[in-house]
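The block underneath contains the structure these notes are about, expressed in structure tokens.
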Amino acid sequence: MSGFYDVIKPKTARPPVWFLRQVGRYMPQYKELKGSQTLKAFFHNTEAITEATLLGPSLLKVDAAILFADILSLLDGFNISYDFSPGPQISFSPYEELIFTKDPQETFSYLLQAIKNLVKALDVPLIAFAASPFTMASYLLDGGASKDFPKTMAFLYQYPDKFDALLKKLTEGTVIYLKEQIHAGAAAIQLFESSSLRLPSELFSRYVTAPNTQLISQLKQCIASPISLFCRCFDENFLDLYSIGADTLHPDYHVNLNKIYKTVPQPGSLQGNIDPTLFLLPQDQLLAHLEKYLTTLKDQPNYIFNSGHGILPETPLENVQAAVLCLTSISTS
């Protein structure tokens, strides 16, 4: 379970470094690039996707680029209406039949051409991504992001068979969506199970472990590229993810990575999972936290340094740059 690490590892003996949401509103250069475009228009603009993605490696000097897109881009394949005002707003009925596009290359041409452009322009690997099934379903049923996803949970409890059918349809579409991105040139896949923290522990296996196992299994039947799963959960549920077949596991900041390394006999490749609020601290305090964090992690095999959630909009760019400089200056013993 180290293929994802192998794709992005640097030539020097240190952990690779990249971040969730490493390009975004905290960057003045991104704000200038976006200008007055709506977010949806920006996400459908091949040149904008290309230029925004390049900001990560160029400004931060990280070891990988992640495609600048949104998890809702998948919905183009289902012809589901959505917008950002400013957050995600989705028009969806759980009783409508989901049919995925028969021509994904045309439907996602704006994204696939950006990937082809980026592969030529980048000197680091490009990561494609998508939401995992439960997370995508939660956005659909609640009409966007939500703290507690009440409509999702009510539908799940009241109509478990229909919810399972929705997860199956989303899985099928996601496989096609990601397969096309890999064929366009992306080197690896990051899956995001961002809504999973809402689930009671006893439902985690059914709605997170099982659907992600199916998704990863189907992906590996048609592509050879490595897959990482980011999942919001606690230590107990995180251990359940070792059965899903991912090449790398990426917990959010709720999981104690040191504990995982001490208690799991073969922890495999892990990435994460520093709390992104630490990037808001004065630089000396931030760097002190990073050095403490890496004391035990930097020598772990196949470890990738990353954040435990996306970089916050109010983060000073210079703090992230200082963090990368600190992290890329270390060496393993």
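Cβ coordinates come from backbone N, Cα and C, glycine included.
Summarising the annotation, Swiss-Prot assigns substrate binding site to ARG21, GLN22, VAL23, GLY24, ARG25, ASP70, TYR139, SER194, HIS309 and lists sequence analysis as the type of evidence. The annotation site 'Transition state stabilizer' is assigned in Swiss-Prot to ASP70 on the grounds of sequence analysis.
Feature map: annotations from Swiss-Prot on the structure.
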residue: ARG21; record: substrate binding site; Cβ contacts under 8 Å, 6 or more apart: SER307, GLY310, ILE311
residue: VAL23; record: substrate binding site; Cβ contacts under 8 Å, 6 or more apart: TYR30, ALA52, THR53, LEU55, GLY56, ILE66, PHE68
residue: ARG25; record: substrate binding site; Cβ contacts under 8 Å, 6 or more apart: LYS31, PRO313
residue: ASP70; record: site 'Transition state stabilizer'; Cβ contacts under 8 Å, 6 or more apart: LEU39, PHE43, PRO88
residue: TYR139; record: substrate binding site; Cβ contacts under 8 Å, 6 or more apart: ILE71, LEU72, PRO88, ILE90, ALA131, ALA145, SER195
residue: HIS309; record: substrate binding site; Cβ contacts under 8 Å, 6 or more apart: LEU20, ARG232, ASP252, TYR253, ASP275, PRO276
Item to complete: Would you mind pulling the DSSP three-state label for HIS309 (substrate binding site)?
Response: coil
Worksheet item: What whole-number distance in angstrom separates the two most remote CA atoms of the substrate-binding residues ARG21, GLN22, VAL23, GLY24, ARG25, ASP70, TYR139, SER194, HIS309?
Response: 22
